[in-house]
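Heads up: the structure comes next, in C-alpha cells.
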Amino acid sequence: MEEIPVKVAVRIRPLLCKEILHNHQVCVRVIPNTQQIIIGRDRVFTFDFVFGKNSTQDEVYNTCIKPLVLSLIEGYNVTVFAYGQTGSGKTYTIGGGHVASVVEGQKGIIPRAIQEIFQNISENPSTDFKIKVSYIEVYKEDLRDLLELETSMKDLHIREDEKGNTVIVGAKECQVESADEVMSLLEMGNAARHTGTTQMNEHSSRSHAIFTISICQVEKNTEAAEDGSWCSRRHIVSKFHFVDLAGSERVMKTGNTGERFKESIQINSGLLALGNVISALGDPRRKSSHIPYRDAKITRLLKDSLGGSAKTVMITCVSPSSLNFDESLNSLKYANRARNIRNKPILNFSPESDRMDEMEFEIKLLREALQSQQASSMSQTSQIHREETPDNRILFLEEQVAQLQGECLGYQNCIEEAFTLLVELKDAVRLNQKQQHKLQEWFNMTQEVRKSILTSFRGSRGIGNLEEGPQHITVIQLKRELKKCQCALAADEVVFNKKELEVKELKNQVQMMVQENKEHVLSLKEAQKVNRLQNEKIIEQQLLLDQMSEELTKLNLSMTSSAKETCGDGPDARIPEKRPYTVPFDTRLGHYICIPARSDARKVYTSPSVYSLDRVVAGFRTRSQMLLGHIEEQDEVLHCQFSDNSDEESEGQEKSEIGHQSHSWIQKPGSVCSLVELNDIHDQTQKSSLENEDLKVECLQESQELNLQKLRNSELILTEAKQKMRELTININMKEDLIKELMKTGNSIL
Ligand code: ADP
Ligand code: MG
C-alpha cells in the first residue's frame with residue numbers, strides 16, 4: 001500500500017480594509033515562483049502549495065481540491081481542512097460562510113467541489129450515484145448535528161466501522177439529488193453554526209465544522225452480468241470531509257471574556273490536541289509511538305484524514321499583518337510539521353458490496369454443490385427411500401442383483417455371438433501376425449471372463465446356470481409377493497389376537513356379572529324368606545290379638561250383663577255392639593274389627609306364595625295398619641273402662657297431652673258415664689285379671705312395633721335388590737349385544 005504525505009497548502013489572505021486603515025505591516029510573503037513562504041525577515045517555509053494575497057478562490061480550488069474530487073470519484077476518502085488563526089480566512093477559503101450571498105468568484109471550496117461532483121455524475125451515465133450529506137459541528141467538545149438541530153448531542157457518537165473508518169453514529173444523512181439541494185443544506189447548516197463576534201473577526205466560528213459528502217457509486221451494467229453469470233456490480237462508497245476548524249487565538253488579543261473565554265479555552269484545547277496528533281504523526285522518531293487521537297473530538301474525527309486511509313489536504317491560512325506575526329509563525333510551524341504526516345490511501349468498497357461479493361461467491365458454490373447433489377440424489381432417491389427398513393434394503397438389493405444379472409446376461413449373449421463370429425472370421429479372413437495376436441488375446445480374455453461369470457453365478461446361486469436368469473427373476477418376484485402376503489398375514493394375526501383378547505375380557509366380565517346376579521338372586525330369596533317368616537309371625541300375633549279381643553268382648557258382655565243385673569235398663573246396653581275407637585273408622589278398617597273380617601285376612605295369609613311381591617307388601621302394609629288401629633282401639637277401650645275418678649279430675653291435662661284421645665271421649669260421653677258407674681261395682685279379682693291382660697297387650701304392641709320395623713327394613717332391602725337386579729339385567733343385555741357385534745366383526749374380518 002502506497003504511502004502519501006498530507007498535502008499542505010498555505011494561503012496568505014490580503015490585508016483587510018480595517019487592517020490597511022490601521023496601517024498594519026505585512027510580515028508574510030510568498031517567494032515568487034517557488035512553493036515557499038518567508039515570514040519576518042528570514043524564516044522560510046516550503047509547502048506543497050502556497051497562495052499569496054492575490055490568489056483567487058478558483059486558483060486554490062483547482063490546485064488543491066480538484067485532484068481530491070477526482071480521488072473521491074475514484075473511491076478514496078478525501079479531506080480538506082483549514083487551519084489557522086481566527087480571522088485568517090479559513091471559512092472564506094472553505095466556503096462555509098453565507099454561501100448564497102457570496103458572488104461566484106468568491107465562492108469557497110465546498111460549493112465548487114459540490115458543483116464538480118455533480119458535473120462528474122452527469123458525465124458518467126454508466127454509474128448510479130447515491131449522494132448523502134451530513135454536517136456536524138464540535139462545539140465545546142460536544143457534537144452537534146447542524147442538519148437536525150433537535151438531535152441530542154448524547155445521541156451522536158463517534159465510532160469506528162469494521163474497516164477502521166471513523167463514523168458518526170446518529171448523525172442525519174440527507175440524500176440529495178442535485179447541487180442546489182446540497183447548497184441549501186450547507187446554507188442551513190452554516191446558519192445553525194455557532195459563531196460570535198470577536199475583536200479579531202466579526203463572524204468568528206466558535207466551533208469546528210465538518211461538512212461531509214458521501215458518494216455511493218454502483219456500476220449500472222457490466223458485461224459479465226449480461227451473460228447471466230453471478231458476477232456482481234461494483235459498489236464504491238467514498239467520503240469528502242470539508243473541515244473548517246475554529247480559529248486558534250490568543251485570549252488576550254480576541255478580548256474574550258465569559259462564555260467566549262470558555263469557548264476559547266475549549267477551541268484551543270482541541271487545536272492543541274490536533275497539534276499533538278500532527279506532531280506525533282509528523283515526527284519520524286515518534287512514528288511507532290502512541291498517537292493521541294482520543295484527546296479531543298476533532299482529532300478522533302480526523303483520524304482517517306491524518307495518518308489514516310484518506311487523501312488529505314491541509315490549508316493553513318495566515319494573516320499577513322505583522323500584528324499577528326506570532327500566530328502566523330506558529331501556524332506555519334504547525335503546517336510544516338503536518339507535511340511529515342503520511343497517509344495510506346485505500347480504495348473504498350462498501351462493506352455491503354464486499355459482503356455481496358462474498359455472498360454471491362457463496363451462492364455460486366452452493367449452486368454447484370446443489371447441482372452435484374441433485375445429480376447424485378436422483379440416482380440415490382430410490383435407495384434412500386428403501387433404506388428405511390432392513391426388509392426394504394434387502395428388496396432393493398435383490399432388485400439390483402436381478403437387474404445386473406439381466407444386463408450381464410445380455411452382454412454374455414453379445415459376447416457369445418461375437419465369439420463365434422470371430423472364430424469364423426479368424427479362419428476366413430487373412431490376418432497379419434499382430435492382428436492374430438490381438439485376436440487371440442481377446443479370445444483368452446473372453447474365455448476368462450466367461451469362466452469367472454459362470455463361477456460367480458454358481459457360487460452365488462449354488463445351482464443352475466446363466467439360463468436360469470429369467471426364472472430367477474420370477475422367483476424373486478414371487479418371493480417378494482410372498483413376503484408381502486406374509487406381512488399382511490402377520491398384521492391380520494395381530495388384529496385377531498387383539499380381538500380375541502378383547503372377547504376374552506368381555507366374557508370374563510359377563511361371567512362376573514352372572515355371578516353377581518346369582519348372588520343378588522340368593523340375597524333376594526333370603527329376603528323373601530325373612531319376609532315370609534315375619535308375615536307368619538304377624539299372622540300369629542294377629543290371631544292372638546283376635547283371640548284376646550274375643551275374650552275382651554266376652555268379658556265386656558259378662559260385665560254388661562252383671563251391670564244390667566245391678567242397675568237395670570240403661571242407655572249403655574249398646575256398648576258391646578258399637579265400641580269407641582280412636583282411629584277414624586272406615587270401611588277398610590271396619591271389616592277387620594268385625595269378626596267376619598278375620599276370615600278375609602286368613603284367606604290372604606294362607607297362600608302368600610301365589611302373590612307377587614308387591615301385593616304381599618301392600619297386604620303387609622294394610623295389615624300392619626289394621627293391627628295398629630286394633631291395638632290402639634284395645635288400648636283406648638281398656639283405658640276408658642278402667643280409669644278412676646282421679647283421671648276424670650285431670651281430664652283437662654289429658655286433653656292437652658293426647659288431644660285426639662280426649663276428643664274421642666268427648667264424642668262418646670254416654671259410654672264414659674256407664675263405664676264410670678261400672679267401675680264402682682268392679683271387684684278386686686276382676687281388676688287384677690284385667691291388669692294382666694293389659695300388660696299382655698302392651699307386650700304385644702311392642703313386639704308388633706319391632707316386627708313393623710323389621711318389615712320396613714326388609715322392604716328396603718327388597719327394593720335395593722330389585723334395583724340391582726334391574727341394573728344387572730341391563731348390563732348383561734348390553735354385554736351380550738357387544739359380544740354379538742364382536743363375533744360379527746370377527747367373522748367379517750375372517
Ligand atoms: P476565519 O474563519 O479564519 O476566522 P474568515 O474566513 O471569517 O476567518 O475571514 C475573516 C475575514 O477575512 C472575512 O471578512 C473574509 O471575507 C476575509 N478574508 C479572508 N480571506 C480572504 C481572502 N483570501 N480574500 C479576501 N478576503 C478574505
Ligand atoms: Mg471561521
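Every residue, even glycine, has its Cβ placed from backbone N, Cα and C.
Automatic prediction, not curation, is the source of TrEMBL annotations.
According to DSSP, GLY89 (ATP binding site) sits in a coil region rather than a helix or strand. The ATP binding site feature in TrEMBL is assigned to GLY84, GLN85, THR86, GLY87, SER88, GLY89, LYS90, THR91.
The annotation coiled coil is assigned in TrEMBL to 711-745.
Sequence annotations record features per position, and here TrEMBL assigns domain 'Kinesin motor' to 5-341.
Annotation comment: TrEMBL describes 644-664 as region 'Disordered'.
Comparing the binding-site residues GLY84, GLY87, GLY89 on other C-beta atoms within 10 angstroms of each C-beta gives the minimum for GLY89. Residues distinguished by a CB atom under 6 angstroms from ligand 2 are absent from the binding-site residues GLY84, GLY87, GLY89. On the 0 to 100 pLDDT scale, the model's mean across the coiled coil (711-745) is 85. Highlighted here are the binding-site residues (GLN85, THR86, THR91) whose C-beta falls below 6 Å from ligand 1: THR86, THR91, in sequence order.
The DSSP secondary structure for GLY84 (ATP binding site) is strand.
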